[in-house]
Amino acid sequence: HSPPLKPGENPSETSVAHQRKELCHWPCRCPPVPTCTPGVSLVKDGCGCCKVCAKQSGETCNEADICDPHKGLYCDYSEDKPRYETGVCAYLIAVGCELNGVHYLNGQTFQPNPLYKCLCVSGAIGCTPIFTPKLAASPCARVAGRKKPGQSICGPGQHKQLQSTNYRLMSAYRSLLLVLKKKCLVQATPWTPCSRTCGIGISSRVTNENRKCEMKKEKRLCFIQPCLTNILKTIKIPKGRTCQPTFQLPTAEKLVFSGCSTTQSYKLTFCGVCLDKRCCIPNKSTMTTVQFECPDEGFFKWKMMWITSCVCQRICSAPGDIFSELKVL
């Protein structure tokens with residue numbers, strides 16, 4: 001017999017309050033690892049057993065089917081009283097994001113560029129391609145149907161390898177640096193444009209070129225042009241030309257950054273100017289380390305981009321524009 005109802009109680013609440021469905025079973029029996037759509041995290045389920053595609057905002061969730069933790073989602077069980085067994089994925093209350101002067105709410109999706117769809121998560125912006133790459137014709141397809149003696153048709157594993165290679169060699173991914181160092185496949189994104197058009201600025205990239213082979217943000221100093229009131233008086237453009245790609249100051253000078261100056265003087269190569277609407281940007285550069293000395297605070301070192309050549313072009317972007325290098329195909 002069930003206990004007598006108290007005033008205000010619902011019969012259904014007392015009868016099913018403790019009858020929760022068991023979603024986790026051990027030992028683990030996992031299906032093949034799924035392939036998640038771009039932007040969806042592949043995570044372990046709530047039972048700690050199998051790899052699953054994380055549930056997204058608005059999708060149902062439970063103890064086993066967890067919400068995407070990398071997007072700040074949690075399982076909201078508030079509507080499933082009194083069992084609290086099935087919920088809906090929702091965003092945690094957090095700060096929004098700002099891009100190019102536009103503010104976005106936490107969890108908001110937006111498309112600032114024709115090629116990318118972005119998501120704001122707790123002040124960070126993540127973007128995924130909105131197009132599906134067209135894979136190049138594989139040699140396996142050409143062999144199929146006319147197999148010759150000694151020739152084999154590619155298996156599923158080889159097809160998958162060819163597809164991943166073709167995807168990586170697309171124009172949007174060619175700039176990704178891939179080097180094998182000490183059992184670590186070193187990867188690095190391109191350096192962002194310098195944060196300042198004149199004076200010392202900062203550019204950054206994401207790379208795993210470190211002892212732990214972990215993806216981390218790396219910063220370096222960049223110095224594209226000195227801040228001169230009339231730079232055309234300093235740069236001499238040859239007759240018959242409209243641009244001077246590079247130039248140097250007459251004497252070597254110490255660099256000043258955050259109130260500190262370098263211990264040595266440097267004669268840097270800077271990007272020049274054009275008489276028309278073109279702008280000059282770094283084309284080739286190397287990396288060097290410079291040491292700064294601060295009054296009464298000691299020394300510190302910074303990596304710095306050392307420009308060796310520049311190119312003048314008509315496509316000019318503002319510093320910090322993360323979509324400046326994208327082109328509509």
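Yeah, the Cβs are placed from backbone N, Cα and C, and that goes for glycine too.
Nobody curates TrEMBL annotations by hand; they come from automatic prediction.
Sequence annotations record features per position, and here TrEMBL assigns domain 'IGFBP N-terminal' to 20-92. The feature domain 'CTCK' is assigned by TrEMBL to 243-317.
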Requested in this report: Determine how many residues of the domain 'CTCK' (243-317) DSSP places in helix, in strand and in coil.
Outcome: 0 helix, 49 strand, 26 coil
Report task. Write out how many residues of the domain 'IGFBP N-terminal' (20-92) are helix, how many strand and how many coil, based on DSSP. Result -> 3 helix, 19 strand, 51 coil
